[in-house]
Every structure is written in structure tokens, then in C-alpha cells.
Amino acid sequence: MPSHPKRFQINAKNYFLTYPQCSLSKEESLSQLQALNTPINKKFIKICRELHEDGQPHLHVLIQFEGKYCCQNQRFFDLVSPTRSAHFHPNIQRAKSSSDVKTYIDKDGDTLVWGEFQVDGRSARGGCQTSNDAAAEALNASSKEEALQIIREKIPEKYLFQFHNLNSNLDRIFDKTPEPWLPPFHVSSFTNVPDEMRQWAENYFGKSSAARPERPISIIIEGDSRTGKTMWARSLGPHNYLSGHLDLNSRVYSNKVEYNVIDDVTPQYLKLKHWKELIGAQRDWQTNCKYGKPVQIKGGIPSIVLCNPGEGASYKVFLDKEENTPLKNWTFHNAKFVFLNSPLYQSSTQSS
């Protein structure tokens, strides 16, 4: 009795299609694949156009569905040329590892993507070696975001259950020193700087780093708005700029600068945070970042504290309160006070 030919049927969430000698563009192919009528929603399509050694183009395609799609028509994924009478029939396979297929069709780089890649359990198969390979690939990524995406696709268990540690570790691995700020005005354009401020700057910036004291003196400058104190403070050299609050995260705070500028940070807030560490130029201390691990601060650099007069803003008014007498005595040993009565410049173009 003759045997019946085996009926074509593939039941899978992930399909791997190969179109040999297919001259269609990636864009035309994607449009036709998106238009296919299926009972299961499509979630992700990735197309790679590759040239054979003989110059003939072919396409690799990964299609991911929301659930399992049962394909019983081997011509279902055929593509049609819009300009001539030609059909392109693919080799159809169930993608056992969507991550492996995605990596494979990425190899030539000429790709087109629609939707969001869906991670599945088989994407992380292979045990320790696969995990190590994925970790190495993540370390070689060009950015934290790219590294996280690699881990999400290839080691989803670690992404799900160890995200907090991953996020913190990748922040350190891909840490970039903040770009140096370029002042719009040179320090020499400030022609009305009080002698106390000028002398403080010369005593610190006029020396090499080796000749500076272990814990240099800071300076607290109080003055009205638009007197130029911020621009002057920021024009002296490489610095950290802390405005309104303290953000000592490594993405914005650098251990490679010469001083800190603390601008419009209320004295009550600074007292609760790191008054003595910052104003006292203390070395090698830690700060706890919200939702992150403690950050090690190298320290040993002075701070220029800028404030306005009046209750709530003035450091003098704050320290003159009886309950702050011990802190006042400490601060007088670690910082100079300067009170501005006029702008630091002559031109009306500079203000802060």
C-alpha cells in the first residue's frame, strides 16, 4: 500500500525563513510579511540581506508571534515581486533558539527590524559556556544600554532576578567622566573680585597639586543674585557643579577635578548630607546614592559654596543660630567667608 506524503505543518512561536536568490529589498519584504493574515499577532520581524559568493542576494528572516502559530501551507510565506512575475519561496524552520537565530542573521549587519524582540527560555540554553559568552559580549558592548539588552536576550534569568546589581555594575563599567564645562567668560574678565576671594584662589590654584595642603580651606561666598559669583567660581578650572541638591553619582560627579562648586544648596540640607566632608575637604569617604550602592569619593579638594542672603539661604544666618554653634566653630576653622556688596564684573553681560 503506497504511503501518503507527509503533510507540511510547523507549530511554533518563532520562525526562521531563508529566501535563496531573492532580489526583493528588505523594506518590500517586511511590508509583505507584515501584511500576512495570521490568527496570531506578530511581535517581531528581523530581516537580513546577504550576498552569496556569486553575488546573488538572499534573505534571512526571524518572525516571532505572540503565541504558537500553526503553519500548514508551505507557500504561506512566499514573497512576490512587485515589478515582474516572480515568486520567492523560503525554507521554513522552527527557530529553536530565537536568540541564536537573531545573532546569526546579525552577522552581516545589513538588517531591518520591526517590533520588539521577545526573549524565550531557549534563548539562554547551553549552560555555563553560553552564559560566559553572553557576559563577554556584554562587556564588549559600546554602551550600558547595549550591554543590558544583550543580557536581557541571552541571560534573561540574571536580567530578571539580578537587575539591581547588573544596573549598578554596568554603571561603573561604562562610567564616563563628565564632560568639562567651558566657561563663557575668562576669569580675567572679573575685574571687581574682592581681595579675600582673589587671595584664596591664588593660594590654591597657584600651586601644583603636590604642593597643595592635604585638606585645603574652602570658601563660602554670600551675595545677591546676578553678581557673577557662579560664573567666577566656575571659571577657575575643572570642577564638579552641585546645584540645588547633592548628586554624587559617578555619572555626574568626578573624582578627577580640582574643586567643587556648591550653588544654592540650602545650609539645612547640606548639614543633613555632607557638610564636613565637602567643606572640610575630607578624603576617602562614602556617600549612599538612592537606589544604588555607596559611591566612594576621593575628596581632598575644597568647595566654593555660593548662597544668597536671607533666612533659609544664608550660611551665616544658619550658623548664627544657637543650636548650630558647634558647627559654626568647626566651619570657621575650615572655610573663609566673603560677603559681596557689588558685582564681580563691570560689564552688564555677565550675571548669575
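Using N, Cα and C of the backbone, Cβ positions are placed for all residues, glycine too.
Given the structure is predicted, the values throughout are model-derived calculations rather than measurements.
Residue ranges 52-72, 157-177, 199-219 are listed, and Swiss-Prot annotates 157-177 among them as region 'Oligomerization'. Swiss-Prot assigns the feature motif 'RCR-3' to residues 104-107, out of the candidate ranges 104-107, 236-239, 328-331. Among the candidates D100, D108, D133, the residue that Swiss-Prot names alongside E50, H58, H60 for the divalent metal cation site is D108. Among the ranges 144-154, 254-264, 276-286, the stretch that Swiss-Prot annotates as region 'Binding to RBR1' is 144-154. Look at the binding-site residues G223, G228 and count other Cβ atoms within 10 Å of each Cβ; G223 has the fewest.
The region 'Oligomerization' (157-177): residue composition by secondary structure is 16 helix, 0 strand, 5 coil, according to DSSP. It is T227 that, of the binding-site residues S225, T227, T230, has its Cβ surrounded by the most other Cβ atoms within 10 Å. On the 0 to 100 pLDDT scale, the motif 'RCR-1' (16-19) averages 95 in the predicted structure.
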